[in-house]
Amino acid sequence: MDDPMLNAVKEEESHGDGGGLEVVAGEDGAAAVAAGVAPRPMEGLHDAGPPPFLTKTYDMVDDAGTDAAVSWSATSNSFVVWDPHAFATVLLPRFFKHNNFSSFVRQLNTYGFRKVDPDRWEFANENFLRGQRHLLKNIKRRKPPSHTASNQQSLGPYLEVGHFGYDAEIDRLKRDKQLLMAEVVKLRQEQQNTKANLKAMEDRLQGTEQRQQQMMAFLARVMKNPEFLKQLMSQNEMRKELQDAISKKRRRRIDQGPEVDDVGTSSSIEQESPALFDPQESVEFLIDGIPSDLENSAMDAGGLVEPQDFDVGASEQQQIGPQGELNDNFWEELLNEGLVGEENDNPVVEDDMNVLSEKMGYLNSNGPTAGE
């Protein structure tokens with residue numbers, strides 16, 4: 001029995017136009033005629049396929065078994081990494097032989113993927129679509145960005161994937177900056193409080209030194225003039241009597257009957273000589289330089305104060321405290337003003353002054369002298 005393959009006859013018939021027909025006959029007599037056109041390769045036969053990174057990523061996302069860690073989004077034009085930890089520890093070693101999630105994101109950035117949602121790991125590319133695997137060949141690896149304005153505008157509302165790693169670092173730096181600013185403000189407040197305390201302490205020290213100097217000058221003046229202390233005590237007693245008289249007349253009611261005051265002035269004298277002791281005339285004629293408050297008090301009470309009780313000027317009344325004490329202004333005026341004829345009438349030996357200065361040396365701000 002003959003082999004059927006040997007019965008095939010190939011005939012070529014030439015035509016004037018240079019074309020030809022190829023006829024192939026089989027045992028059943030059928031013939032196949034093909035145009036005499038040179039064969040061409042299939043479209044895309046020699047084109048390079050999509051990069052392995054894209055194909056592996058597509059397979060990983062399209063796999064229904066990995067939906068717990070990564071899956072397509074609801075719009076099917078992006079994919080979401082739901083569990084970055086499981087994605088890095090389980091899926092990346094299986095598909096890419098490493099477990100570095102940051103490296104995977106950087107690879108996505110080089111192929112033009114963008115982070116869609118800043119609050120989750122959702123990535124998108126216009127040619128990375130669900131059910132359209134053939135579009136992966138259109139995704140090309142990007143060249144290094146030239147940082148031009150056109151590239152920045154092309155990003156649109158998306159966020160660059162490569163910047164994801166800096167977000168946490170930026171947040172941490174912002175928190176550190178806020179803490180440092182709060183610490184700086186606190187230190188500045190403490191510095192201001194310290195300066196205020198130092199200023200108050202300096203003022204107190206200066207006041208103490210000034211009082212010590214005034215005390216030394218006062219004691220030196222007493223040593224020069226022994227009568228000065230007696231005169232000062234007598235003036236102090238006169239002031240106290242004057243204050244007592246004024247305070248009692250202020251407390252006395254106008255409709256109260258006449259009484260004898262502390263300075264010995266009787267109401268009977270006022271009744272016998274009303275013209276002589278008229279309050280207004282007595283103040284104008286007998287008293288010169290009386291403070292207005294003492295003058296009003298005497299007139300309101302309807303009584304009369306002897307002129308010798310008012311032998312104190314307004315400035316001295318202001319220097320007397322509420323309890324009859326003398327303030328700093330009194331001491332300054334007392335030490336600055338001179339007593340006429342005191343130094344000539346009561347000379348003091350210079351040696352006594354030196355002894356006093358040595359004994360009172362401990363009052364100075366520098367501490368006690370070496371002689372003590």
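Don't overthink the numbers, they just go from 1 along the chain as shown.
Including glycine, each Cβ sits where the backbone N, Cα and C put it.
Under the heading coiled coil, Swiss-Prot lists 165-252.
Taken from Swiss-Prot, the feature region 'Hydrophobic repeat HR-A/B' applies to 173-223.
According to Swiss-Prot, the region 'Disordered' annotation covers 247-274.
Sequence annotations record features per position, and here Swiss-Prot assigns motif 'Bipartite nuclear localization signal' to 238-253 based on sequence analysis. Each residue in the motif 'Bipartite nuclear localization signal' (238-253) gets a DSSP state, and the totals come to 14 helix, 0 strand, 2 coil.
Residues or ranges marked as motif 'AHA' in Swiss-Prot: 328-337.
Under the heading motif 'Nuclear export signal', Swiss-Prot lists 356-363.
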Across the motif 'AHA' (328-337), what does the mean pLDDT come to, as a whole number?
60
Counts by DSSP class (helix H/G/I, strand E/B, coil) across the region 'Hydrophobic repeat HR-A/B' (173-223):
51 helix, 0 strand, 0 coil
